[in-house]
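Novice: Before I ask anything, let me first share the structure, which is written out below as structure tokens.
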Amino acid sequence: MNPFQKNESKETLFLPVSTEEVPPQSSNFPKKPSPKICGSNYPLSIVFIVVNEFCERFSYYGMKAVLTLYFLYYLNWSEDSSASVYHAFSSLCYFTPILGAAIADSWLGKFKTIIYLSLVYVLGHVIKSMSALPILAGQNLHIVLSMVGLSLIALGTGGIKPCVAAFGGDQFEEKHAEERTRYFSVFYLSINAGSLISTFVTPMLRGDVQCFGKDCYALAFGVPGVLMLIALVVFAMGSKLYRKPPPEGNILNQVVKCIWFAISSRFKNRSGDNPKREHWLDWAAEKYPKQLIMDVKALTGVLFLYIPLPMFWALFDQQGSRWTLQATRMNGNLGFFVLQPDQIQVLSPFLIVIFIPLFDLVIYRLVSKCGINFTSLRKMTVGMILACLGFAVAAAVEIKINEMATRQPNSQEIFLQVLNLADDEVKVTVLGDENNTLLAESIKSFQNMPHYSKLHLKTKSQNFHFQLKYHNVSVYTEHPVEEKMWYTLIIREDGESISSMMVKDEENKTTNGKTAMRFVNTLHEEVSVSLGTDASLIVAEDYGVSAYRTVQRGEYPVVHCRTKNEDFSLNLGLLDFGTAYLFVITNRTNQGPQAWKMEYIPANKMSIAWQLPQYALVTAGEVMFSVTGLEFSYSQAPSSMKSVVQAAWLLTIAFGNIIVLIVAQFSGLAQWAEFIFFSCLMLVVCLIFSIMGYYYVPLKPGDVQGSADKQTPQIQGNMINLETKKTRL
């Protein structure tokens, strides 16, 4: 296993595999050796490939890091729809490698495939960035551009996935196999570096930079697009240095045809007149060589164990969707740093870099010294259990978040609070239809109300009667309300008397990790409030109430305001995560206009650091499941079938994302219940996999590779010993 491997292990460990059953590569390359790096045996061309991979992985993971929040906040989709489209995109990214491999092996070759599909990749980023430009009016246009852009990105990233690493392996001569092995360590390091940096940087571009009055998604998508363009340019610059093998045929196509011919022949010869054959694949013997049939038999044994694997990826890939959405409802202030909700994903590559050498050099060795036969299938089973526990922890965190969150009004209920802006105490009585008292309390001038009061309705909407006692004056008023809503009754002076107005408040779910605010202007002039965005917030005069505006968490000591006759500034103080504020602009002192602050939806109290245990468990599970699973697959599959195993492994990831898509759209479960559902489902699948593994008879290396090695001795050089050799730390 590779110490630099992160979650990319699930998609790139197979990539050093070139197409099998082909003539020796040396006959396809120019006899003149490629230029070397500083007199070493490393070809200069690999520098361009490694830089290309770093920029491409930065591009992909940077864009993907902010994708869920783009759906949620920019397109205003629901959490279920955001998660569904996120996983549909992820699934497509793991279906398209089959197409890319087919194009490279059967038509264009690796170099041209990378160039052409990289152009598609860059075009996808351009269109995706355009989908985040408000100047292109119309949400439908944004959705169309977004879907077209994501489709092109999926085709680009998936199409070049099976080509880039293998093309790098092609640059080495057969006698430099050791240098080629070290090259792949550097290659995987570039993958991790691109992913780690981009997952940290692009959320900052989104949240810390304001453009068009909102979070700058256009910049967050545009910078990864620029990196992909750089990747393409750098890769093309090394064109004259590359060794470019021609297309060599696609073994996957042969396998599919062999299996289809065996099945169709078996059904055509269903009568008892034909003698039975030892294996159903033997029905392909009339058309295909015996060696190919033997290799496909060994392959089907491995693929059978792949059937339960998509469930693990269904859990693992929710880090970028459901877990990011969970982070929006948590407090990202760590004391020394403020973490954006989509930045928490950086834990995954960071922990991978720590866990792989930890497991390889410490944990596995300790288990071995205890006399425990920790086979590959047992490691994969433990990895599934860890993922199951990770989602159980995520469910516990979700339940705790719900307990600490503000309750929502139910059917035939409203939440009401009273804001007294008069200069003295007011006694408020809420009367029902039969003049029965529903609420009675005395409220001082500018008193901060600690909570909303819950009132019951007889129908979905009705009128409430209010009695307001101020000094010796009683005022009766009436206001209509609707169920499941939040209201603030604002009491104001009206000459010698008082009056009131009912304002509908922001729903708790709308803030969803953001900081929301609105203003009440008691001045006799219209006020323009500049919140550091392109568009100012206009508040009408004489107790005008502004619209809501969401801003980033932080200190706002100087907020510039303007009236027709003067400029002034307001100190809004700290605006915290997930909080909704009401600011009343007053001029009650000789110090000029000031802002009175009321927090009516409290800040997120649960720290985002509580997500660390679930990330640690799932990442540890990924180390034991993915890397070990790839090693096991290589040791059990024939040399001629390595590329087919690669395709099948990528398909398990694709189908895992489809599982999440289906559950998100049709389960209708609360989020904590959905986490429990996935955890239980993973446990059941783990038991099934354990039973399958118990009855699986592993093949010895000689049984797998013996005859194949005699036919294609050159393959050992192409495989860079990934079948049995681990890269040392």
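Any Cβ shown, glycine's included, is placed from N, Cα and C.
Unlike curated entries, TrEMBL annotations are predicted automatically.
Quick paste from TrEMBL:
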- 58-77: transmembrane segment (TRANSMEM)
- 83-103: transmembrane segment (TRANSMEM)
- 115-137: transmembrane segment (TRANSMEM)
- 143-164: transmembrane segment (TRANSMEM)
- 185-205: transmembrane segment (TRANSMEM)
- 217-237: transmembrane segment (TRANSMEM)
- 296-316: transmembrane segment (TRANSMEM)
- 346-367: transmembrane segment (TRANSMEM)
- 379-397: transmembrane segment (TRANSMEM)
- 644-663: transmembrane segment (TRANSMEM)
- 675-697: transmembrane segment (TRANSMEM)
Novice: Select the range from 185-205, 296-316, 644-663 that forms the most Cβ-Cβ pairs under 8 Å with the transmembrane segment (379-397).
Specialist: 296-316
Novice: Between the stretches 83-103, 115-137, 346-367, which wins on the count of C-beta pairs under 8 angstroms to the transmembrane segment (58-77)?
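Specialist: Ranking 83-103, 115-137, 346-367 by Cβ pairs under 8 Å to the transmembrane segment (58-77) puts 83-103 first.
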Novice: Could you check whether the transmembrane segment (346-367) packs against the transmembrane segment (185-205) - three or more CB pairs closer than 8 Å, residues at least 6 apart in sequence?
Specialist: yes
Novice: Pairs 6 or more apart in sequence, C-beta under 8 angstroms, 3 or more of them: is that satisfied by the transmembrane segment (83-103) and the transmembrane segment (143-164)?
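Specialist: Contact between the transmembrane segment (143-164) and the transmembrane segment (83-103): present, because at least 3 Cβ pairs are under 8 Å.
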Novice: With CB pairs under 8 Å as the measure, which of the listed stretches 143-164, 185-205, 217-237, 296-316, 675-697 comes out on top against the transmembrane segment (644-663)?
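Specialist: Out of the listed stretches, 296-316 contacts the transmembrane segment (644-663) most.
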Novice: In the same chain, which residue numbers or ranges, 6 or more beyond the ends of the transmembrane segment (143-164), come under 8 angstroms Cβ to Cβ?
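Specialist: Answer is 11-12, 14-15, 49, 52-53, 56, 60, 63, 70, 75, 89, 92-97, 99-101, 103-104, 110, 113-114, 117-118, 120-131, 136, 228, 643, 646, 650.
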